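Step one of this worksheet: look at the structure below.
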Amino acid sequence: MSKASDAVREPLVDKNMAGSKPDQPWMVYLSTFVAVCGSFAFGSCAGYSSPAQAAIRNDLSLTIAEFSLFGSLLTFGAMIGAITSGPIADLVGRKGAMRVSSAFCVVGWLAIIFAKGVVALDLGRLATGYGMGAFSYVVPIFIAEIAPKTFRGALTTLNQILICTGVSVSFIIGTLVTWRVLALIGIIPCAASFLGLFFIPESPRWLAKVGRDTEFEAALRKLRGKKADISEEAAEIQDYIETLERLPKAKMLDLFQRRYIRSVLIAFGLMVFQQFGGINGICFYTSSIFEQAGFPTRLGMIIYAVLQVVITALNAPIVDRAGRKPLLLVSATGLVIGCLIAAVSFYLKVHDMAHEAVPVLAVVGIMVYIGSFSAGMGAMPWVVMSEIFPINIKGVAGGMATLVNWFGAWAVSYTFNFLMSWSSYGTFLIYAAINALAIVFVIAIVPETKGKTLEQIQAIVNP
């Protein structure tokens, strides 16, 4: 055992405060708030194009093809951000990666605000996509690494809540202001994240990994409070880091070694099922789904946005009590039911049956679907991904898992209209089948991680 490791075994607590009531972890709350400003920025980027589409096309005389390229560049930029964010977060720290993400988003929004033609518009969209993709990896990782095990799941779920809120706020405000003003508003959460990072500590686990032991102890002390005894947690982190440091530096092919394969399978599998269960196709084309079913589009979109935020928010307090696995199972079951109800609706419409039931069933199916997604499959894959990778492969593995997620988002959104043209009810039956497979996957492969430290989880998953 090294001297640094021996040192942290001394009781790291102010003896004058021993036995007193522990501090509230206010710095954890502040750090999480700053981090999820990035999540809100993510949602603002994702929700921008829908309310701005008509005005941008009119003001800049864009063709459908040009605006379609503008929309797709967000996902392309996000895939680049996803695959590079892991190495960046390992090199300059979690805070450094969030600063890079914020800077890309700000530059992208400024390019959109001052765009006079399609080139500046597209470059701005690509930059915001890069920032969004990087945020999607580093925010849940940072929160998981700073949060106490007792409420880590709830805090990590805030990432998904703020993404949903950002999308909904962009949609609502976008109906009231011009597209340039909406882009200007998009800068606010990015700037809040960038500035807020100066007032919070770096991830203690990253500091320990890079050998900055004094800063590691100071950051952990700041996060846990002056009255907390951090000696046990500090020793566990240091011991685990030392064990991992004896291993060679992780490369891409190392992810498929026996010691890591289960964590890779869990994370990649959850990302695949989250996306290929249909969420982005249904999310991006909700208005057209309601229109095809004969339900008022604006009313349906408002109900959709509110339900998504409310269910995700209600889910946060129970994550650390109910556990990750039960929420995933309940969520996937609800997704199957929602898809089947929507499939019945479109089957009736195609075969010209029960006309009055078609719009009702369509709305019920979509709302059951989005409510179920928000209850588990929306947030839990990110929570689990942030917990299961050892820190020596977290950058490579987490970046690749995020890339898998963004590729799935692109693939589903790209193919959705083609599938609906082929068979509207068949599309939802395919999604129902994929979500049914997700239930089997969760039961057979995914472990329960609630109430355990990251080091305990990784020891179980990667023995």
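Backbone N, Cα and C define each Cβ position, glycine as well.
Per Swiss-Prot, the features are as follows:
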TRANSMEM  26-46  transmembrane segment
TRANSMEM  69-89  transmembrane segment
TRANSMEM  103-123  transmembrane segment
TRANSMEM  126-146  transmembrane segment
TRANSMEM  157-177  transmembrane segment
TRANSMEM  181-201  transmembrane segment
TRANSMEM  264-284  transmembrane segment
TRANSMEM  299-319  transmembrane segment
TRANSMEM  327-347  transmembrane segment
TRANSMEM  357-377  transmembrane segment
TRANSMEM  396-416  transmembrane segment
TRANSMEM  426-446  transmembrane segment
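For the transmembrane segment (126-146), the partner stretch with the most Cβ pairs below 8 Å, chosen from 181-201, 264-284, 357-377, 396-416, 426-446, is 396-416. In this chain, the transmembrane segment (103-123) lies apart from the transmembrane segment (396-416): fewer than three C-beta pairs between them fall below 8 angstroms, excluding pairs fewer than 6 positions apart. In summary, the transmembrane segment (357-377) does not lie against the transmembrane segment (69-89): fewer than three C-beta pairs, each 6 or more positions apart in sequence, are under 8 Å.
Panel annotation: around the transmembrane segment (264-284), residues 255-256, 328, 332, 335, 339, 366, 369-370, 373, 377-378, 380-381, 384-385, 388-389, 397-398, 400-402, 404-405, 408-409, 411-413, 415-416, 419, 427-428, 430-431, 434-435, 437-438, 441, 445-447, 461 of the same chain, lying at least six beyond its termini, place a Cβ under 8 Å from a Cβ of the stretch. Outside the transmembrane segment (327-347), and at least 6 residues removed from its termini, the chain residues within Cβ reach (under 8 Å) are 270, 273, 277-278, 289, 292-293, 315, 318-319, 357-359, 361-362, 364-373, 375-378, 380, 424-429, 431-432, 435-436, 438-439, 442-443, 446. Ranked by Cβ pairs under 8 Å to the transmembrane segment (69-89), the stretches 26-46, 157-177, 181-201, 299-319, 396-416 are led by 396-416.
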